[in-house]
Amino acid sequence: MALPVPLTVATAEPGAQAGDAPSADWAGQSAAPGELLVVRRDEAVAAGEHPAAVHSAVGASIARRLLGGRAEHVRLPPSADMEAIMRLYADDPSVEWVEPNYRVYSASIPDPEPENYGEQWALQAINVEEAWEETTGSEDVLVGLLDTKVDTEHPDLQQNLAEPIYPDCANTSNFGGRPELHGTHLAGTIGAQGIGVAGVNQEVSLLNYVVLESEGDGQTARGTISDIVCALEQAAADGVRVINASFTTSRSETLKTAIADAAEDDVLVVAAAGNSGEELDYEGAGTGVWPASYRLSNVIAVAASTEDDELASFSNFGRNDIELAAPGNLIIGTVPEDRYERLSGTSMAVPHVVGAAALILAEHGADETSYREVRERLLASVRDGGSSTDWASVTKAGGILDVGRAVTAAIDDVPALAPSDLRLEREDGSSEIALSWINNSTQVDDLWLEHCTGFECEEDASDFERIESLSLSSGDTDAQHEPPAPIKPSYNAYRVCAVKGLNPEVACSAPRALAVPPTAPSSVEAIAIGGQVAVRWQDNSAVEEAFRVYERDLSDNENDAEWKRVATTDENVEQATVPLPDEGEYRYAVCAFAEVSGCSEFATASDTVVVSDDDSGNGSSSSGSSSSGCFIATAAWGSEWDDPVAALREFRDEELLTTQAGQELVSLYYHFSPVIADWVAEDDERRARVREWVAPLAALAEQALEQRGEEATEAE
């Protein structure tokens, strides 16, 4: 059995199971009580296979089907054991993953002193007037607002806003009937007519899919993943080109799949970065907010900027997760009952980008302009703001939305955009590194990959060198590379660069680094001898800094037992001794370790070590079926307690195991002796012959022990 790597609870990995928690609060993530999303494998869908037996066993009912019938939103009986039921679904061969139906929350924050009117600094900040010289929008462009119910009677929204849509498959028809603040404010930013405030678009077809409901304070709203997925699928079918996603949620594989599927319908999803004021880097540090942190080419994550072009104090940020910023602080907009208020949050930043995307589609043709070109125009046209915020260090594009440049630029003149979302992976046992990335430019002349070895690579771009031997095409999104053999454990950094123009303009991604661990050891053996456990292995690495030895107690339950580290050696060592554990059955494993990369793969001893109560109490030890470990002598005499066997055992414990050379000799003996002992025990004549050979050795051992005792007495 291989040594498992440490696991953390990934809140929505396929097939993930979290710890024991009530259904409304799953592993610290809020979820709809008693609800799961069960997603079948593609081959199971093709074969018509369902987890029907699990549905029946747990008393589940299917509320709706999503992802084209591949996903099932199921409801469980009250007080159902979510953890146990998720394990049942995960074990069904037709199921690819199962996850809770996570809550989704709007991403706005309260303004402590709301004002009704004021200058719209945000439209000036995004240079919208330059865009308006070319287009003020088009009713042919469909924008989907997945949010709370919008006030269709507001005078600034009547022209561009359709009646609220309650998706057929969503569980939102029972949401409150009155319009709510969050969605109404976002709608005004996208498409207010200009009576009290102006939207980014003067004309647009704004479809309001009601999937969130106010929690009571009027500014915070929530829904569920299943409702979001349902609305997203309906919006794509309705011909929507841009989705406003001013909400955040837990990491859901179901939602990610739905967004990825929407790319096939040319749908761009603009998502809020979130309001925790934290750096997001899911690939590197595991910190993320979803859907903003999904590694998908049709997602644009938006941070919030202020009137002074600074990063808003509440806004999340991250060079690896967040595409660009847009105004999100004290944004005046439409609210129910014909009023206007200022709100803040990355929720408010998103509709500026959504409105900009709609203007691009209006100017360049919704049917002729792909979501990739819209994305490219938005990211390539940002401005740096000239403030104290280093936008290049907190966003991928390096700046704040400039809709004027995004609409008016000729696509051929758009500068090369650096690829993003670089991912490095290494399969166990392989020295090759697999790289993949997202291309943000639709028109580049070349791509190349650069490599650097060392701890300073990510800070000093001059250390990177192009990998001349690796040829890439302009549309490639993945590559394989085998780094040079390291003298020490290797810290390999990479970046991928887009090249455009005759006078090449080179734009490189943020670097990613991956440490290559030492080669794993092999041939691990563990033997209990002389009050200790001797562990041996074969060193297959030239670059390890240490070896680590792990122990696992199998006595209670092999599946639940935990591995614990019991020894660490120096480099270039092939054995270690650890204290004899308490009575029980144990297994041992070893890894080669380097500080930069951690452990190699683990090599595990095939045999277990059995320790009896007598062994743990008197200092002797056992392994396998023999309690003395003197296999050949025990086979010859038929008992481990005969005098010659006892003399040899005592000599082993008192003399051999006290030195490194002696330990190596004993370990080598135990490698071969069990098979020989079995052969000796099968025949009486062999046993007699072996007694003749071994008896003199036992006598010499006894004499040596007596002499040592006399010397010890004289010394006293």
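Backbone N, Cα and C atoms are what each Cβ position is placed from, and that goes for glycine too.
Annotated features, as they stand in TrEMBL:
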ACT_SITE  Asp147  active site, charge relay system
ACT_SITE  His182  active site, charge relay system
ACT_SITE  Ser347  active site, charge relay system
DOMAIN    28-101  domain 'Fervidolysin-like N-terminal prodomain'
DOMAIN    139-385  domain 'Peptidase S8/S53'
Model confidence over the domain 'Peptidase S8/S53' (139-385), as mean pLDDT, sits at 93
Here the Cα-Cα span from Ser347 (active site, charge relay system) to Asp147 (active site, charge relay system), rounded to a whole number of angstrom, reaches 10
Students should find that the Cα atoms of His182 (active site, charge relay system) and Asp147 (active site, charge relay system) sit apart, in Å rounded to an integer, by 8
The number of other Cβ atoms within 10 Å of the Cβ of His182 (active site, charge relay system), counted over all protein chains shown, is 28
By a three-class reduction of DSSP, Asp147 (active site, charge relay system) is assigned strand
